[in-house]
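Annotated features in TrEMBL:
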type	residues	note
DOMAIN	28-345	domain 'Aminotransferase class I/classII large'
MOD_RES	K220	N6-(pyridoxal phosphate)lysine
Amino acid sequence: MREVIKKLQPYVPEKPLEILKDELGLKKLVRLSANENPYGTSPKVKKAVIDWTYEQSNRYPDGNASELRQLIAKRFSLDPKQIVFSVGLDEMIAMLSRVFLEPGDEELISTPTFSEYALNAEIEEASIKKVPVLNNGGIDFSGMLEAVNSKTKLIWLCNPNNPTGTYETTADIEKFIQQVPNKLVLIDEAYIDFVDQEKPSTMELTKKYPNVVVMRTFSKVYGLANFRIGYSVFAKQIAEQMQKVRLPYNVNSIAQVAAKAAFEDQNFVDQVVQKNSEQRISLERFFNRLEIKYYQSQANFIFFKYPEAEKLANYLLQNGYLLRTELKKDWLRLTIGTKEDNQEIQKLIENYGRE
Ligand SMILES: *Cc1c(COP(=O)(O)O)cnc(C)c1O
């Protein structure tokens, strides 16, 4: 076995909610730790999945995801050949690392950020250069520029960033891209639909700059985390190279059918985004009132600071709410839930502070 594998710390996935609930002996448990969609998914997805012809079970899926590819290409005015599909963005991150990183190469990340970029770099025996975020949680673009060198192969920009929730404008990203014309810049837009501060237009950048990759998933705003489907948009010549590494039938038919139905129901997406924005504002007001420090979020979660955060997290867990811990000392990441859960969480945090 490769030595590097023995030394790895694996990504620890969330336990199934029912199992965790039983383990802790809780009557109620709401998961606000995985940035899942609290509003479920479009009812049109349910219909599409039920209507899927079971008789195709013995056939391999469409390895090109042709219909979904056409829909996405049309929506963003892309060449369909620019798109590569994956089993969630998780698989895309693994594929990108496999294609672009060799032992001794470097990748650049802004920290804290999604842990899988670094994990996959380690698997490829590449080293990871970390540039801490600014005081407001935003990306330190000039620090990133300074950190680029001849060994740098990949630059990850998670936008909005997980876990800080902070958003960088398309203009700022474009400025950065122009300064690193020979480096591949990967823009992970898992949460992009939740942005209401501007209408992001990074898809346009994939037509203008061959070094830009835009990554999207159906797991978050579309509520399809269980189906495992995502995609990235590349310059055509890079997409062709990625296709060589992709497993031929990586995305199954039910996932394709579900994603198509979800993608076409923009109405559902708009409603989710609207409700999320309202609850985000409510949480910001709450944190402001209690003078709890948090980063300005444009996503469906908020990262906030609390003294001995682990203890607060444990108190919330005993009261039925699971938050994400261990991302940064004394900080917690709270997925923005429904209005009811949001009000309950606020009450609990306020009461905890009084104890
Ligand atoms: C959730 C998440 C992903 C992974 O999503 P998939 O379910 O694998 O598509 C990718 N990037 C970030 C930043 C995420 O938070």
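A Cβ is built for glycine as well, from the same backbone N, Cα and C atoms used for every other residue.
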What mean pLDDT does the predicted model reach across the domain 'Aminotransferase class I/classII large' (28-345)? 97
Within 10 angstroms of the C-beta of K220 (N6-(pyridoxal phosphate)lysine), the count of other C-beta atoms across all shown chains comes to 27
